[in-house]
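Below is one structure, written out as structure tokens; the observations come after it.
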Amino acid sequence: MVIQKICCLGAGYVGGPTCSVIALKCPHIRVTVCDKSAERINQWNSDKLPIYEPGLDDVVRQCRGKNLFFSTDIAKGIREADLIFISVNTPTKTFGNGKGRAADLKYIEGAARMIADLATSNKIVVEKSTVPVKAAEIIMKILRANTKPGVEYQILSNPEFLAEGTAIVDLVEAERVLIGGEDTLEGQKAIQELCWVYEHWIPAKNIITTNTWSSELSKLAANAFLAQRISSINSLSAVCEATGADVSEVARAIGRDSRIGPKFLEASIGFGGSCFQKDILNLIYLCECLNLPEVAAYWQQVVDLNDYQKTRFTRKVIESLFNTVTDKNIAILGFSFKKNTGDTRESPAIYVSSTLLDEGAKLHIYDPKVEEEQIMYDLTHPLVTSEPEVVRKNVSIHSSAYSAVTGAHAIVLCTEWDEFKELDFKKIYEVMMKPAYIFDGRKLLDHETLLNIGFHVQTIGKKLCRTSSIRAQGSQTLP
Ligand code: NAD
Ligand code: UDX
């Protein structure tokens with residue numbers, strides 16, 4: 001079979017960008033991205049896409065209406081496709097067996113059942129969502145238990161490694177594409193068909209093929225390794241603050257060892273995003289189910305350390321402000337989980353903000369890309385607060401950093417947006433309450449300059465002291 005039509009179930013952060021790039025690179029393949037949310041599909045068909053991702057608007061503009069379509073007509077999408085990506089969400093279960101750890105596979109199962117119901121010809125079904133090992137077996141069981149005469153399925157695992165904020169570059173210049181399939185003639189043929197799609201722009205040597213289970217596990221392993229590096233450097237940031245070592249210098253020094261490498265050694269307020277915590281918890285649950293408690297405990301530490309880092313940073317903010325933030329105005333700069341995305345899933349800013357709100361603070365939040373409704377939704381969510389009315393009263397959303405900081409006792413920088421580096425901090429100092437505090441959770445700002453202006457500054461992984469030439473008023477060491 002030569003693949004002519006692709007359908008993707010799930011028009012989210014993965015399905016949308018991935019299929020847009022496939023459409024761009026394979027002009028003769030017709031790509032239809034389907035979602036059961038009409039609102040999401042309408043946004044994909046509008047001028048304001050549902051997600052902010054640098055470069056995405058351009059790709060969509062080039063292909064939409066030619067060989068790229070966004071539709072709620074899932075039945076048509078499935079029937080016509082030769083190859084179907086399942087790119088639905090796989091959140092952590094919030095109730096029942098495995099609550100708080102296991103991946104909830106109800107959307108995967110739902111997608112498989114839709115395909116089983118609607119398919120009338122042979123399909124290659126590709127699991128793109130991140131799933132626990134052996135999830136492909138669920139899809140396989142559902143499809144093969146409902147096979148209609150003349151319809152055959154091949155199930156492949158093809159996890160996605162894009163990171164938000166750099167999704168288009170990650171897709172166009174993917175370091176590797178991973179495809180897992182069954183070790184049968186038909187399985188290998190299906191792998192080759194999917195390889196052919198990617199080979200339109202990815203060099204064949206960068207396409208790795210494995211068995212299905214290795215492919216599924218590799219995705220969890222990759223995220224666990226990346227998150228583990230962040231927790232490792234964050235653990236050392238606490239040592240740096242207590243000793244006078246500088247975590248950036250430590251990262252630079254160890255990163256020069258090619259066995260360690262320089263990436264993902266940026267100490268921070270803690271990692272966020274929809275993937276790291278969810279996927280490690282997923283791995284932990286898998287280990288527990290496989291009766292491997294020591295392995296589960298090892299990975300649990302990565303999550304625990306991340307929680308510790310968020311708590312440690314927030315505690316430092318409160319303690320520095322004389323151990324009370326009640327009725328104080330605090331500017332939160334950045335709410336997304338990293339720069340260049342409007343996504344707030346598991347953003348550390350949510351934890352920091354909700355803790356400060358619990359302590360009675362009045363928050364003034366500014367983020368260049370996160371909408372007001374999203375911030376309010378996150379902070380009033382029942383898992384975050386039992387007093388949504390109080391939250392609504394004490395949170396103001398601002399359309400610029402300058403407006404957020406006016407009259408503030410402190411600035412808490414949660415996301416490393418480039419524009420925060422360009423702010424005029426002299427001007428900001430003038431409009432803030434004194435003493436004026438800055439807590440830089442991303443090591444983003446020029447601390448020397450801030451100290452010189454008169455700010456009290458604290459950051460991650462470095463004890464900041466004023467030099468003797470600097471006004472004594474803001475001299476600062478960490479607790
Ligand atoms: P998302 O929540 O943004 O999108 C999922 C979409 O699937 C939703 O719009 C939902 O309405 C839709 N959906 C659910 N069931 C459906 C069905 N039966 N038919 C049609 N649509 C359906 O999620 P996401 O961030 O795109 O993540 C999708 C998967 O990819 C997850 O497993 C995630 O772990 C994985 N992943 C995410 C990233 C990332 O950066 N966000 C990166 C790599 C892998
Ligand atoms: C991650 C993986 O990188 C990607 O391969 C996978 O497909 C999905 O999960 P994403 O969560 O979008 O991507 O962003 P990433 O750049 O990995 O950042 C995750 C979090 O870690 C962010 O909160 C980021 O600020 C933080 N981070 C990242 C650090 O704190 N320090 C670092 O050195 C790198």
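Each residue, glycine too, has its Cβ placed from N, Cα and C.
Given the structure is predicted, the values throughout are model-derived calculations rather than measurements.
Copied from TrEMBL, the annotated features are:
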- 10-15, Asp35, Arg40, 88-92, 129-130, Glu164, 275-278, Arg345: NAD(+) binding site (BINDING)
- Cys275: active site, nucleophile (ACT_SITE)
- 331-447: domain 'UDP-glucose/GDP-mannose dehydrogenase C-terminal' (DOMAIN)
| query | Over all shown protein chains, what is the count of other CB atoms within 10 A of the CB belonging to Tyr13 (NAD(+) binding site)? | reply | 23
| task | May I ask which of the recorded positions Tyr13, Asp35, Thr92, Cys275 have a CB within less than 6 Å of any atom of ligand 2, listed in sequence order? | result | Cys275
| query | Per DSSP, to which secondary structure element type does Tyr13 (NAD(+) binding site) belong, with helix, strand and coil as the options? | reply | coil
| query | Per DSSP, Thr92 (NAD(+) binding site) is which: helix, strand or coil? | reply | strand
| task | Count the residues of the domain 'UDP-glucose/GDP-mannose dehydrogenase C-terminal' (331-447) that DSSP assigns to helix (H, G, I), to strand (E, B) and to coil, and report the three numbers in that order. | result | 45 helix, 19 strand, 53 coil
| field | the domain 'UDP-glucose/GDP-mannose dehydrogenase C-terminal' (331-447) [mean pLDDT, rounded to integer] | value | 98
